[in-house]
Amino acid sequence: MRTYHCFWLLFWAGQPHQSSLTPLSKRTSGFPEEEKVLVLSGNSRQDLHRSKRSWMWNQFFLLEEYTGTDYQYVGKLHSDQYKGDGSLKYILSGDGAGDLFIINENTGDIQATRRLDREEKPVYILRAQAVNRRTGRPVEPESEFIIKIHDINDNEPMFTKDVYNASIPEMSDVGTFVVQVTATDADDPTYGNSAKVVYSILQGQPYFSVESETGIIKTALLNMDRENREQYQVVIQAKDMGGQMGGLSGTTTVNITLTDVNDNPPRFPQSTYQFRAPESMPLDSPVGRIKANDADVDENAEIEYSITEGDGYDMFGITTDKDTQEGIITVKKTLDFENKNLYILKVEAANTHVDPRFLYLGPFKDSATVRIQVEDVDEPPMFSRPAYIMEVKEDVPMNSIIGTVTAQDPDAAKNPVKYSVDRHTDMDRVFNINSGNGSIFASKPLDREALLWHNITVIAAEINNPKQSSRVPVFIKVLDVNDNAPEFAMFYETFVCENAKAEQLIQTLSAVDKDDSYSGHQFSFSLAPEAASSSNFTLQDNRDNTAGIFTRKTRYNRHEMSTYFLPVVISDNEYPIQSSTETVTIQVCACDHLGKMLSCNAEALIHPTGLSTGALIAILLCIIILLVTVVLFAALRRQRKKEPLIISKEDIRDNIVSYNDEGGGEEDTQAFDIGTLRNPEAIDDNKLRRDIVPETLFLPRRTAAARDNTDVRDFINQRLKENDADPTAPPYDSLATYAYEGNGSVAESLSSLESVTTDGDQDYDYLSDWGPRFKKLADMYGAMDSDKDS
């Protein structure tokens, strides 16, 4: 129980008056309180002298969280002007007036209508005044007073977070800072110990501890290992009243995670690994995977693998798979079962990130033995060389051996091998090979000057398993033999002036040879024996593969001899000696005094066989003109339009239509449907003529159907009569085509089949009067008459 004391606040009034206190009425506040009275006093405005003022209260106190059923009594207002006659009325205004706080206007008693909470509002400021009930005028000045709410311990400490998360490295020392928790109490920290908070640990011992005043959590156990336990849950309590009995408390949860450090070395789960690898395994292919286990995580578990020793140190390699931390053993060199079928390796696994603090735990690496067994596979034959180079003379006889290739099966079975030439590399089949011993020979003559190198491919395959084959390139060089005679290096245009002097050089000759000479060509020049004594020219060999032609006499006459033919023999010095005779044509020409040629009997001194360039151009132009003429003539014929059969109404004549096919007779049922001729109803009645546009549209006439046994001739005659009587027919003769030609026509039949029955003395001269179109026909029949006359 708390006791409230009342103080009088005295004011000096304008005129002296007696202050009185109204006795307290009975209250049901749940516990006895002293009476709290606020005395209101005023001064008369008419008096100018000072008067004594009495003391009165200006502050009330209320306890928060009132739990009684009645209104909570606050205090009482009393005015010095109160006379007990009911003329005064008390008015309350300010914070919560009329709602939270109410006043008895007659007695001045103030009450709180509901429970108050200091944490919501600790102080209320109100104003009180006494007024005349009848006039409403204030009899006292308005006085201000305060209602303070006294705190009780009604709020437990609250942590700033419901759950805290923290982490520390494993193997940390005792007393390592983890995290700090903070709790706040909404009670008044200046009033008692309601807001004094003390921290304690409810769960998490003996691993962690907490400082009671600061809330700092620290490690309490040495060498906590993440690999044994990674997560810890700690419960911290915050209690007010300094942790005394009866204080309120709150709790929070702290999740603590131990982070990894590299305190565990890698370890192989087994000491020996076995793998098998076929000898045909390609390079850099994986043989197998091994893995060393490391209890650490992330970069602390990264491992680097290496081969430290073993007889396969240079045959195999090992790399690390960064995703799985496995060691991948790969092939570095080609395996050979026949050479070595077992390799033993020592593989080491070591951490890449080592923490020096934990080196005392031992070396952070481990080793294991790897045994690799090489398996035998059926391998293709292997040639003794990667490539073969052979040489052969171009005059080698056919089917002579040029060289030999050798291949054998590397397997232990040593299967026999057969040889063949890849014909894609020898399309002309110049070479063949003995399938049994690999001897290569030429099947066609060789010519070095045509092709110096022949590049072929030889295939070696096992006889028992032809799919096992290998290839090797063979380069064959054709060596030269002296089989080509030397010849002139160029075409020489040689002439001699009529006024030439004796021993005058008119031409220098040189020669070439298609053959190859290792020491250089040596040519000799001489005149043919038949021209050596009688020639008008001499030949001098310069001994440097050139020769000069000189005049033998002083003057030449082109009218006596315009052209001289000088045979020259060119020989080489190779074995066997090859020689050729080349003819030099010398033209006699007129020259000036300086020796410059003026004119000769012929335009060309030495004519090549064939036509000249000018003649070829002339012939080409003639051919082009002829082609253009033919094209124009064909175009004009296409553009010419055929004249109509009937030019005008007055020009009426018979039309001749030529047919180029013969019917098969009555037995030919494929050419046309004979039933259509016998059954006119099969013809479309609404089908009109397409050669004219009728002025008046006549309905087609129905004709009686012919009997099935009606003769075709009678049917055709009937149709002729109907066409003659048809008013829709054009005003000129129209030729209708039928399968039968009768004698009803005025001109009778024009068929050549019946021409033998016609009168032989018939005159065809009238055909000449029909114009140029019938000229050909008139010539034909006119010629027949002339033959008969002759």
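Every residue, even glycine, has its Cβ placed from backbone N, Cα and C.
Annotated domain 'Cadherin' per TrEMBL: 80-159 (among others), in sequence order.
What TrEMBL records for 160-268 (among others) is domain 'Cadherin'.
Sequence annotations record features per position, and here TrEMBL assigns domain 'Cadherin' to 269-383 (among others).
Helix, strand and coil content of the domain 'Cadherin' (384-488), in residues and according to DSSP, is 0 helix, 47 strand, 58 coil. The domain 'Cadherin' annotation in TrEMBL covers 384-488 (among others).
For 488-598 (among others), the entry in TrEMBL reads domain 'Cadherin'.
Residues or ranges marked as transmembrane segment by TrEMBL: 615-636.
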Self-check item: Positions whose Cβ lies under 8 angstroms from the transmembrane segment (615-636), at least six residues beyond its ends
Solution: none
Exercise. Summarise the domain 'Cadherin' (269-383) by DSSP state, stating how many residues are helix, strand and coil.
Key: 10 helix, 56 strand, 49 coil
Quiz item: So what's the average pLDDT for the domain 'Cadherin' (80-159)?
Solution: 83
Quiz item: According to DSSP, how is the domain 'Cadherin' (160-268) divided among helix, strand and coil residues?
Solution: 3 helix, 47 strand, 59 coil
